[in-house]
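Report on one structure; see the data block that follows.
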Amino acid sequence: MEIAIAFIVCFLLLICSSIKGIFVGYSLSIGLLIFIILACKRKFKLMDVLRMAYNGGKKSFIVLQIFILIGAVTSTWMASGTVPAIVYYGIKLLDPNTFIISVFLICSAVSFLLGTSFGTVGTVGVAFMVMARGGDANLSLVAGAILSGAYFGDRCSPMSSSANLVANITETNLYTNIKNMFKSSAVPLLIAILIYLLLSLMFPLNIVENNISSEIIKNFDISIITLMPAFIVLILCIFRINVKVAITISIIAASAIGIMVQKTSVIDIMRYIVMGYDIETNPVLSEIIKGGGIVSMLKSAYIVFVSSAFTGIFEGTKMLESLDSITNKSDSRSGSFFTTIIVSIITSAFGCTQTLALILTHMLVKKNYEENGIDKESLALDIENSAIVIAPLIPWNIALLVPLATLNAGESAILYAFYLYLIPLTNVLYFKIRNSKKLAIQN
């Protein structure tokens, strides 16, 4: 009972933080303190509990490396002219009447190659947002399309860390999981494409009267060379080079291009990497080509570390075992999937990271699937169709906070991330229809 109350208190704190615009890290820190006290009440020594928390937080260091790289690649791509070049050529090549659908499809393709939502958002996503700002587009709509595309690959790419994590914790084959994911996402993908196509026609990009292209030419040396950092990431990922290595090489190349082609000083490049890019000398571009930097990722890094610390305490004290009676009540395939969705919403809201949501969801529903004789592949698919796509729909979850911070977009983007909530909704509907047919046959 104490654990349930603690979860409710933490959940309410997180909701209040989101509503009031208070840094969610404060609420998480209070929540962590609550669970440390609970662990001590269960006769665990304080130093042992703190060690559990640190060991859990330590597991997030790999993710924190990605945050640093995303902050750096975003700002260096701007300084090198890569983002301006993508925007410049994009304005010339993309049809304004199909801009939104193009954003979704291109981000989906790039995320499948890179295997990372953050990498997709920090590269082509930023470029599309620059185009959207310059073309008076609905920024929430564009950000929603970027989110949908970014998590397409994050869910089903062989390069994706989350897809590999699900395969690992469920002890299933990655490529079997990917095949199952494509089957279960065919309908929501088609619906999302139709919606974005319709919205593209309703809200075309307005590039007739804006002078962003001419301003880019005035302020940047645009050529095929400035696109090299983007080509480097794509080519290296095609050859399955680790995405962190690919992004690091791209940062080095972008920095070199910024210095040699754009005539930016080494000191300014270093400042951009740390603090983010700015172009204060040009009033037209200053509001649309800006951001990135390692500093912009510090709050997100803290949230990930604290969230991972929770995992360490849960694993060390086995607190979650007392919740089995709540999560193991369903006795059918559809019931198990619906339970997984509910658990995913709770773990995504409480855990604040996609990784923690995956691990906690698996821990809480695994026994139910075993008792109902449901195979591991179905468990893996259900986690992919719930926790993976629900996490970026929670306003205070890192899966959403980092992309929004990178894009300088608001939480209203959630409303337009159609692909993300179509996946669980269509699969729930599928199971309902299948159950109805079974009952009809039995009767």
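Each position is counted from 1, following the chain as shown.
Quick reminder: no glycine exception, Cβ is built from N, Cα and C everywhere.
Those TrEMBL annotations? Automatic predictions, nothing curated.
Feature annotation from TrEMBL assigns domain 'Na+/H+ antiporter NhaC-like C-terminal' to 149-430. Among the features that TrEMBL reports, transmembrane segment is placed at 6-39, 60-79, 99-130, 186-208, 220-239, 300-317, 337-365, 386-407, 413-431.
Using a cut-off of 8 Å between Cβ atoms, the transmembrane segment (337-365) and the transmembrane segment (6-39) share at least three residue pairs, counting only pairs 6 or more apart in sequence.
Here the domain 'Na+/H+ antiporter NhaC-like C-terminal' (149-430) returns a mean pLDDT of 86 for the predicted model. Ranking 6-39, 99-130, 186-208, 220-239 by CB pairs under 8 A with the transmembrane segment (386-407) puts 99-130 at the top. Away from its own ends, the transmembrane segment (6-39) comes close to residues 46, 49-50, 52-53, 299, 302-303, 306-307, 309-310, 313, 316-317, 319, 346, 349-350, 352, 395-396, 401 of its chain (Cβ-Cβ under 8 Å, at least six residues beyond either end). Beyond the ends of the transmembrane segment (60-79), by six or more residues, the same chain brings 116, 118-119, 121-123, 126, 229-230, 244, 247-248, 250-251, 254-255, 258, 262, 264, 268-269, 272-273, 276-277, 289-297, 300-301, 304-305, 307-308, 353, 355, 402, 406 to within a C-beta distance below 8 angstroms of the stretch.
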